[in-house]
Amino acid sequence: MPKYKVTVHTHNIATGTTLNNVFIKLVGENGESKRTWLTSLKGGFYQGTASREFDVVCPSSLGTLVLIELDKQPLPLFPQDAWFPSKVVVTTPEGDTCKFPIYRWIMDKEVHLFREGTAKRLCDETNHLARYSREKEMKTRTELYCWDTYKEGFPGSMKADNPLDLPSEIQFSFTKATQFLFTAATGITELKLKGYSDSKKSWKNIDEISKVFCCNRTVISDYAQEHWKEDEFFGYQYLNGCNPMLIRRCSELPANFPITEDLVKPSLRVSSSLLRELQSGNIFLLDYKNLDGLKANVIHTKKQYMAAPLVLLYRTPDDKLVPIAIQLKQEPGEDNPIFLPTDSEYDWLLAKIFVRSADFQEHQLNVHLLRTHLLAEVFAVALLRNMPMVHPLYKLLIPHTRYTLQINLLARAFLIADEGVFTQFAASGGEAMNEILRRSVASLTYSSLCMPEDITARGLESVPNNYYRDDGLKLWDIIHRFVEEVISFYYKSDSEVREDQELQNWIKDVFDHGFLAQECTGIPQSFSTVPEVVKFVTVVIFTCSGQHSAVNSGQYDYGGWMPNTPISLQRPPPTTKGQSTESTMLETLPDVGTTAQGMSTMWLLSKQSTDFLALGQYPEEHFNEIPPCTMIQKFQTELKVFSETVNARNSGLPVPYTYMDPALVENSVAI
């Protein structure tokens with residue numbers, strides 16, 4: 001009688017073991033086995049192990065295996081437990097090896113169906129059992145993963161009230177959850193014990209801020225503390241800091257920024273002129289119009305302030321980028337002076353502080369929250385609703401959704417909710433937050449998510465010392481080549497793309513719920529060609545990995561030293577020159593408690609978990625076929641070589657740029 005050898009693997013994850021009885025049924029094209037009890041001499045299926053081989057004997061050959069049915073039943077007097085099998089491997093009597101990827105929690109007594117792991121599009125399915133399994137899986141998925149609207153004008157999100165409402169397979173691991181809560185608790189507890197987090201006092205001097213800052217420090221945060229007043233460091237951050245997305249080359253001055261030749265002449269190279277520098281491509285603009293006209297928050301019963309500045313930056317003959325003019329409000333006027341490097345020390349420094357605080361608001365809500373977290377959630381929910389596990393795109397993208405839905409749920413609950421840290425302690429955390437996000441959604445475009453197109457559109461192709469651009473474009477190219485190889489393996493022609501209804505449903509879901517069905521965004525509503533799919537999938541992976549790392553990982557590096565990136569400001573923008581002093585600056589900076597809350601939150605959001613998975617690492621074996629597995633190995637090799645190049649370059653820099661180093665880039669938006 002034909003004998004099938006079955007090996008069951010339990011994932012290497014804390015609490016993933018089961019002591020329940022496990023049963024399996026093999027289903028092939030020619031029949032099915034009996035439901036077989038998989039006994040274990042070790043008394044259970046243990047974390048990170050392959051159990052011994054089990055024999056499943058059948059009266060005759062089952063033919064090509066299509067799926068397996070798994071269920072587990074508790075022993076008498078024992079509770080139902082949670083089990084996280086990774087895969088089941090079956091060796092057939094004919095000597096073939098069939099792998100069945102699982103990678104999910106089984107927490108009940110129900111029968112669960114899992115397909116043989118060869119990637120298949122819907123049109124590839126010829127077996128009625130396979131189609132039935134696919135339909136059943138997708139019906140369950142659409143019931144589990146439902147769209148919700150958090151706020152009108154925001155991208156769609158996963159419908160869930162708390163982390164326990166999320167399907168178990170997408171929740172944090174025990175390790176991740178424990179460390180996340182520990183880091184959050186210890187950060188603010190330490191500041192509470194020192195009397196900082198609840199203090200409503202203003203700072204007496206800069207040295208006082210250092211005492212809070214000393215709780216947590218990094219190499220770059222120390223550098224920021226030492227150099228935060230310097231114009232060169234100010235300019236550097238717009239190329240390589242947390243928000244490298246705002247700067248653009250300026251060939252013509254905005255009509256609402258009335259800068260004259262005489263104003264900036266002292267800052268330009270000898271014998272040059274503003275017109276000549278504009279024409280030479282050496283002038284750059286920061287425009288915070290997204291913040292214009294908004295009502296700032298009230299913190300500790302005190303009104304807060306934020307500006308909507310315009311800033312002119314200049315590339316010096318020695319290739320430094322420095323600010324040469326700052327206007328703190330959008331509309332010019334007598335009460336809105338243009339501040340210059342030749343002004344008094346504190347006039348100029350205070351103007352830069354208002355810019356840096358404005359940058360915090362723009363960065364956190366638009367660049368970080370919207371353009372990485374919320375979009376990553378859209379990509380994930382659409383994938384889980386429209387792609388079965390056996391679909392090649394599911395296999396390719398599911399690693400890049402790890403923990404995203406739970407981290408976003410926590411962000412909505414503890415950061416931007418009515419009682420959230422951002423809502424309570426950021427200048428834009430009140431009414432302004434929702435409007436900034438709506439404005440940001442309205443201005444979101446497909447091309448701005450495609451890094452090569454975005455860099456070109458902003459005129460940054462040749463700006464020196466732009467490591468975000470250099471590393472990002474290299475990373476984009478590596479990801480694009482990998483995606484192109486994988487997609488081209490499964491889609492041999494454009495017609496196969498057009499005929500894949502699950503693929504078309506996915507992109508339509510993204511368009512409708514992520515980009516609110518706005519054609520002006522340029523987001524495709526359907527796919528017609530293989531290159532279109534390759535480009536969009538590259539955007540998804542890059543957004544969830546490299547781009548998120550670039551705008552997330554440096555939050556504490558550049559924001560830990562509060563004067564460099566104030567979360568809020570307590571005095572309005574100056575309306576005249578010659579009035580600012582060190583005392584004025586200290587009264588303007590956020591109070592002690594607000595500073596402490598901001599610092600502890602940025603520390604938490606920059607902290608890497610020990611179960612971090614770097615870009616290109618796929619411990620879950622979703623692909624069975626040799627070609628895509630070989631492509632993954634090639635992808636990993638290219639990433640490793642690039643990482644070595646980045647490290648070699650950084651060894652010669654005073655401020656290393658590590659945020660696009662593949663070894664430090666997480667596979668998904670997981671923090």
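Including glycine, each Cβ sits where the backbone N, Cα and C put it.
Quick look at what TrEMBL lists:
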type	residues	note
BINDING	Asp81, Ala82	Ca(2+) binding site
BINDING	His368, His373, His548, Ile671	Fe cation binding site
DOMAIN	2-120	domain 'PLAT'
DOMAIN	120-671	domain 'Lipoxygenase'
SITE	Trp105	site 'Essential for stabilizing binding to COTL1'
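Structure with TrEMBL features highlighted.
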residue : record                 : contacts (Cβ under 8 Å, 6+ apart)
Asp81   : Ca(2+) binding site    : Thr17, Thr18, Leu19, Asn20, Pro74, Met107
Ala82   : Ca(2+) binding site    : Thr15, Gly16, Thr18, Trp105, Ile106, Met107, Ser168
His368  : Fe cation binding site : Cys242, Val551, Asn552, Gln555
His373  : Fe cation binding site : Thr404, Ile407, Asn408, Ala411, His548, Val669
Ile671  : Fe cation binding site : Tyr403, Ile407, Asn552, Leu605, Ser606, Lys607, Gln608, Ser609
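Other C-beta atoms found within 10 angstroms of the C-beta of His548 (Fe cation binding site) number 25, with every protein chain shown included. Averaged over the domain 'Lipoxygenase' (120-671), the predicted model reaches a pLDDT of 93. Helix, strand and coil content of the domain 'PLAT' (2-120), in residues and according to DSSP, is 0 helix, 55 strand, 64 coil.
Summary of the Fe cation site environment: with the site residues His368, His373, His548, Ile671 set aside, the chain residues having Cβ atoms within 8 Å of the Cβ mean position are Leu369, Thr372, Ala376, Ile407, Val551, Asn552, Leu605, Val669.
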